Every structure is written in C-alpha cells, then in structure tokens.
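Q: TrEMBL feature annotations, pasted as is:
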type	residues	note
TRANSMEM	32-58	transmembrane segment
DOMAIN	181-371	domain 'FtsK'
BINDING	207, 208, 209, 210, 211, 212, 213, 214	ATP binding site
Ligand SMILES: Nc1ncnc2c1ncn2[C@@H]1O[C@H](COP(=O)(O)OP(=O)(O)OP(=O)(O)O)[C@@H](O)[C@H]1O
C-alpha cells in the first residue's frame with residue numbers, strides 16, 4: 001500500500017518540477033540560462049557547498065510535502081509577509097482589471113497569516129456589493145484560492161485572502177474531552193481555524209452520495225459525546241438504509257430506528273415528550289437548559305428522504321412528516337434538535353426543508369441544488385457546492401449564523417474504528433427500545449410509539 005503511494009507522490013513531484021522549469025524557461029529564458037550558468041560555476045568551485053545547499057532544499061521540500069501542517073506553522077509567517085508585499089504591489093492594477101478602479105485605494109494590511117486580511121478604501125460612489133460581485137475576478141487577479149469580502153466601517157471594505165487550501169489535507173474528527181452547550185467543533189474552516197457548528201438550530205446536511213455527510217454527522221455526534229455520557233444529551237438515531245451508518249456507533253444512542261415504523265414511533269414519542277415539556281414550561285421557562293433530569297434530545301437522521309419520500313407506505317410517511325414538522329417548528333426552545341443528512345434537496349423530496357435553520361452544503365450536483373440548500377445570495381458570493389472536488393469528501397460551505405458571506409469548511413474524518421471506540425467510551429447511560437407503530441388502515445388506529453428502558 002505504501003509503495004504505490006510513495007511512487008505516485010514522486011511521479012507527481014517530478015511532473016511538477018518539469019512543468020515549472022518548462023514554464024520558467026518559456027517566460028524568462030535569460031534568467032534561467034544565467035541561473036544554470038551560476039549553478040555550474042558554483043558546482044565547479046565548491047561542490048560540497050552546492051551539495052549541502054541542495055540537500056537542505058530537498059529536505060525542506062520533503063518536510064513541506066510530508067508534514068505540511070508543521071511546515072506551514074514554521075514557514076507561514078515569512079510566506080505571509082512576502083505575499084502581503086506582492087498583493088500591495090499589484091493592488092491598484094488588480095482593481096483596474098476587475099472594474100473596481102480607485103485612484104487612492106489606501107490599502108492597509110490587518111493580518112498576514114494564515115490568511116491575508118486587508119482593508120481597502122472605497123472610491124466615491126463605490127459599494128461593498130460591487131466588490132462582492134467582482135470577488136471571483138479579484139481572487140484570480142491576486143492568485144488566491146479563497147476570498148471573502150466584508151464591509152469594514154462606513155468607507156472601507158475588508159478583504160480576506162487565502163493562498164493555499166488547508167482543507168485539501170484530510171484530518172481526523174475531533175473528540176472533545178469536555179462538552180459545550182452552544183456549539184461543537186466539527187472540523188476546520190478555510191483559514192485553518194475551527195469550524196464550530198451551533199447545536200441549537202436544526203441542521204440539514206445536503207450532499208450527493210460519497211460527499212462525506214457521514215463525517216459531518218459523526219463529528220457532530222462526537223462533539224456531543226461528553227454530554228451524552230453525562231446524561232445531559234440524549235441522541236435518537238434514525239437510519240432507514242438498514243442502519244449501516246448509525247449502528248456503527250450504537251452506544252451513543254438512546255433510541256435507534258432502522259425501519260419506517262420504528263422511525264415514526266420514535267418521532268411520535270419525541271413529540272409526546274416535547275408537548276409534555278412545553279406544558280410543564282408554560283409561563284415559567286422560555287429556554288431549555290440541558291440537565292440530567294431534562295436532557296437535550298437530538299434526533300440524528302441519516303437519509304431524510306427515506307423517511308419523507310421513498311416509502312411505499314403513504315400513511316407511515318405522512319405520520320413521519322407530521323411528527324418531524326412538529327419537532328422542527330416547536331422543538332428548539334424546549335430542547336429538541338434535529339440534524340438530518342440528505343442527498344436530494346428538492347422540496348418535493350423534503351417538504352420540511354424550509355424548517356431547517358442551519359444548512360451545510362457539501363458536494364452537490366448542480367448550481368440549482370446549491371441554491372436550494374444555501375440560497376441564491378450565498379451561491380453568488382462563491383458557495384459553489386457543485387464545483388467541490390470529489391477528491392475532497394467532507395468539504396462544503398456554510399452560511400454563518402450571524403449572516404455574512406458563506407464559509408468553506410471541511411469536517412474531520414471519522415473512521416469506523418474511531419466511531420466504535422468513541423461510542424464505547426462515551427456510551428449513553430439510558431437506552432430505550434421503541435416499539436414500532438402499526439398502521440392497520442389509512443388514517444386510523446394511531447398507536448403512538450411506546451418505549452421501554454433497557455439500560
Ligand atoms: N472528512 C473526510 N476526510 C477524508 N475522507 C472522507 C471524509 N469524509 C468522508 N471521507 C471518505 O469519503 C467516503 C464517502 O463518505 P461518506 O460515506 O461519509 O459519504 P456520504 O455522503 O455519507 O455517502 P452516502 O450518501 O452514499 O452514504 C468515505 O468512505 C471516506 O473514505
């Protein structure tokens with residue numbers, strides 16, 4: 001396994017240098033000839049020094065390829081300084097090229113690493129929206145991989161640029177030692193900082209098959225794991241694809257449903273609990289605080305469409321949809337939260353899509369799907385889920401809760417072993433088995449799900 005990988009890396013490295021040297025020779029033939037002549041003279045005069053310099057250069061390159069995070073931590077500030085200088089030099093020209101001409105752009109560097117943050121003065125009559133519309137052109141002019149435009153005060157625009165995609169490198173999902181009640185770290189943002197997903201809003205994770213929905217789901221569950229073990233959070237898993245995904249971490253879940261009848265029973269039971277809690281809170285409490293006696297209930301659904309669209313039993317599908325709509329529309333304040341994954345975001349597949357208040361868009365099929373998930377403004381601002389690479393599962397875009405432009409993110413990778421080990425370590429103290437509902441004739445005989453404690 002290791003040898004083909006090393007050979008592939010060596011091959012792509014050799015190709016990189018051949019392409020680079022060919023391009024340089026085409027563009028700066030004189031410089032290349034002088035550099036080669038100097039190298040030859042140096043080799044003739046002091047071969048040991050040249051060999052030493054070459055070994056240092058090769059070692060640095062290996063360090064960069066093999067341990068990129070450590071390398072960039074050390075080299076990043078220097079590289080950031082050089083990039084800031086280069087952007088400063090070409091800034092006026094880049095604005096002209098993008099139709100954002102400004103005679104006195106008054107460029108100020110606010111941060112250099114890991115991303116370059118600059119403040120630029122708006123010309124008279126210019127707006128931040130014009131910068132947002134031309135963001136893609138500006139990004140390519142300065143040679144950045146990512147760009148974000150934000151207003152800064154009343155007369156300036158703040159531009160954040162990243163020059164290397166830190167999300168290209170996979171990394172393991174985070175298992176925190178202590179839980180947080182507000183948000184969980186599920187991965188990294190485009191600038192290398194933590195991606196924290198707020199727990200309160202209902203979350204819809206949309207992405208086509210193989211886009212890495214599982215890594216968002218498990219990273220979220222891992223983030224809640226300490227609170228699950230303490231009994232302050234109860235997880236309810238629904239996986240109508242036979243339980244392949246959810247059963248991997250069965251220890252986390254208080255209830256598990258792998259058939260439509262079990263899923264409906266589980267959701268109706270949660271609706272009963274929700275209504276009992278709202279009656280109990282009425283006129284006394286407006287916002288739920290998770291505790292062992294009154295835990296936060298988090299419903300985790302692996303393929304939402306299997307519950308809302310792909311069932312042959314219309315009555316069960318209808319009941320599932322009704323229960324889910326109640327949880328989504330009334331659940332947040334009394335402590336009932338839903339995180340659902342989905343491949344096809346069309347409204348006829350998921351009628352409840354509009355009730356989800358937090359969207360994660362992974363790789364999607366086309367721009368209309370990106371718009372369905374994240375909204376037109378986010379797609380215009382660069383959240384092109386349909387252009388995400390197949391090679392980078394777990395990568396997507398989110399629109400921050402505070403508003404503002406969409407952010408590129410990647411979830412940590414949760415291997416099967418990591419899921420099993422973490423589920424064993426942070427197992428819930430309460431498990432219940434839910435009796436599947438029975439539908440004997442359409443519309444009649446509603447027997448709500450009943451639960452019996454098993455641990
Ligand atoms: N964050 C990640 N980093 C690296 N690799 C990942 C990541 N997430 C997923 N993968 C890889 O991508 C593959 C597909 O991921 P996953 O099964 O989570 O996709 P999915 O969207 O749930 O697909 P489906 O809807 O078909 O179940 C996994 O087998 C894994 O190898």
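Note: Cβ is positioned from N, Cα and C throughout, glycine not excepted.
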Q: Around residue 214 (ATP binding site), which residues of its chain at least 6 apart sit with Cβ under 8 Å of its Cβ?
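A: Residues satisfying the criterion: 245, 341, 414.
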Q: For the ATP site given as 207, 208, 209, 210, 211, 212, 213, 214, which other residues of the same chain have their Cβ within 8 Å of the site's Cβ centre?
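A: Here the nearby residues are 343, 362, 363, 393.
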Q: If you run the three-state DSSP split on residue 214 (ATP binding site), which class comes out?
A: helix
Q: Among 209, 211, all listed as binding-site residues, which has the most CB atoms within 10 Å of its CB?
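A: Selected residue: 211.
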Q: Can you tell which of 207, 208, 210, 213 has the least company, meaning the fewest other C-beta atoms within 10 angstroms of its C-beta, among these binding-site residues?
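A: Taking 207, 208, 210, 213 as the binding-site residues, the minimal 10 Å Cβ count falls on 210.
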Q: For residue 212 (ATP binding site), write down the residues of its own chain that are at least 6 apart in sequence and whose Cβ falls under 8 Å from its Cβ; none is a fine answer.
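A: Residues satisfying the criterion: 362, 363, 393, 394, 395, 396, 411.
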Q: Under a three-state reduction of DSSP output, how is residue 208 (ATP binding site) classified: helix, strand, or coil?
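A: SS state of residue 208 (ATP binding site) = coil.
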